[in-house]
Amino acid sequence: MENFQKVEKIGEGTYGVVYKAKNKLTGEVVALKKIRLDTETEGVPSTAIREISLLKELNHPNIVKLLDVIHTENKLYLVFEFLHQDLKKFMDASAVTGIPLPLIKSYLFQLLQGLAFCHSHRVLHRDLKPQNLLINAEGSIKLADFGLARAFGVPVRTYTHEVVTLWYRAPEILLGCKYYSTAVDIWSLGCIFAEMVTRRALFPGDSEIDQLFRIFRTLGTPDEVVWPGVTSMPDYKPSFPKWARQDFSKVVPPLDEDGRSLLSQMLHYDPNKRISAKAALAHPFFQDVTKPVPHLRL
């Protein structure tokens, strides 16, 4: 750790404080994540160390690079490449004018490329949200915190007792499914896609049941026809209200037909029928994709 000079605290992640820091030897600016684990007393579990070490092999232009893992006594520091801003802050700053559609399309395309790469290596994210999608001034967007959920679990609250958001959580997780797939990340990205377009969260639930009911009110309450097996999921209740599906043109009015088609496939109830990242990249919505540069206020 003595090789790093902390410059400033840049945030509080799910697992601990994040600092902007400088490598004293190379001058490289990095993001330093201090992982606070519940097992402070026993030190860091070896399983977590193994999981995290595997992530150093994930090299892709749309994945935030894990540069190093520093394990001291009972603390764990992860050294990542540094990016200037997250998508949440960028969306907040663009709330009045909105994000131009070509930039939304570029961001979604890049994020799907990053997802397709990780999914092909059997790595899930499980906790995608605008706060862990990082952008730079060149128009790139990258997925951060990939694989951390498997190494450390997804807590209900962060180390500062903030509630971990449910807004982007797939319905199969909310319904208690223990064995989920890469499809959970596609769902999260679909929610983020809609949020970039409409400038508001698609399903801003404040509890697990509120989250489910917001999804049901928009997409209709799922049944065995649209989602075989749903009624036998651990947290499914026959007493759930039966809502009808809303017309997608009213849910995301600014989107054209191709955009609505892609979004509806990303938000398919049945995880087995939900579009894969690889298939989504070939969707007609992306036939005119470019890479515009964002107007960042850094």
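In case you wondered, yes, glycine gets a Cβ from its N, Cα and C as well.
What Swiss-Prot lists as active site, proton acceptor is Asp127, and the listing cites sequence analysis. Taken from Swiss-Prot, the feature ATP binding site applies to 10-18, Lys33, 81-83, Asp86, 129-132, Asp145, supported by sequence analysis. For Asn132, Asp145, the entry in Swiss-Prot reads Mg(2+) binding site, with the evidence type similarity to another entry. Annotation source Swiss-Prot lists domain 'Protein kinase' at 4-286, citing sequence analysis. Taken from Swiss-Prot, the feature N-acetylmethionine applies to Met1, supported by similarity to another entry. Per Swiss-Prot, the feature N6-acetyllysine maps to Lys6; the stated evidence is similarity to another entry. Residues annotated as phosphothreonine in Swiss-Prot, with similarity to another entry given as evidence: Thr14, Thr160. The site 'CDK7 binding' feature in Swiss-Prot is assigned to Lys9, Lys88, Lys89, Leu166; the stated evidence is similarity to another entry.
Structure coloured by features recorded in Swiss-Prot.
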residue: Lys6; record: N6-acetyllysine; DSSP (3 states): strand
residue: Gly13; record: ATP binding site; DSSP (3 states): coil
residue: Lys88; record: site 'CDK7 binding'; DSSP (3 states): helix
residue: Asp127; record: active site, proton acceptor; DSSP (3 states): coil
residue: Asn132; record: Mg(2+) binding site; DSSP (3 states): helix
residue: Asp145; record: ATP binding site; DSSP (3 states): coil
Under 8 Å between C-beta atoms and at least six apart in sequence, can you list the same-chain neighbours of Leu83 (ATP binding site), or say none if there are none? Ala31, Val64, Leu134, Ile135, Asn136, Lys142, Ala144
Distance, Lys9 (site 'CDK7 binding') to Asn132 (Mg(2+) binding site) (CA atoms, angstrom): 16
The mean pLDDT across the domain 'Protein kinase' (4-286) is 92
By the DSSP assignment reduced to helix, strand and coil, which category contains Leu83 (ATP binding site)? coil
Just to be sure I understand: of Lys9, Lys88, Lys89, Asp127, Pro130, which recorded positions have a C-alpha no more than 10 angstroms from the C-alpha of Leu166 (site 'CDK7 binding')? Asp127
Neighbourhood of Ile10 (ATP binding site), C-beta criterion under 8 angstroms, separation at least six: Val18, Tyr19, Lys20, Ala31
Tell me the Cβ neighbour count for Lys33 (ATP binding site), meaning other Cβ atoms within 10 Å of its Cβ, over all protein chains shown. 23
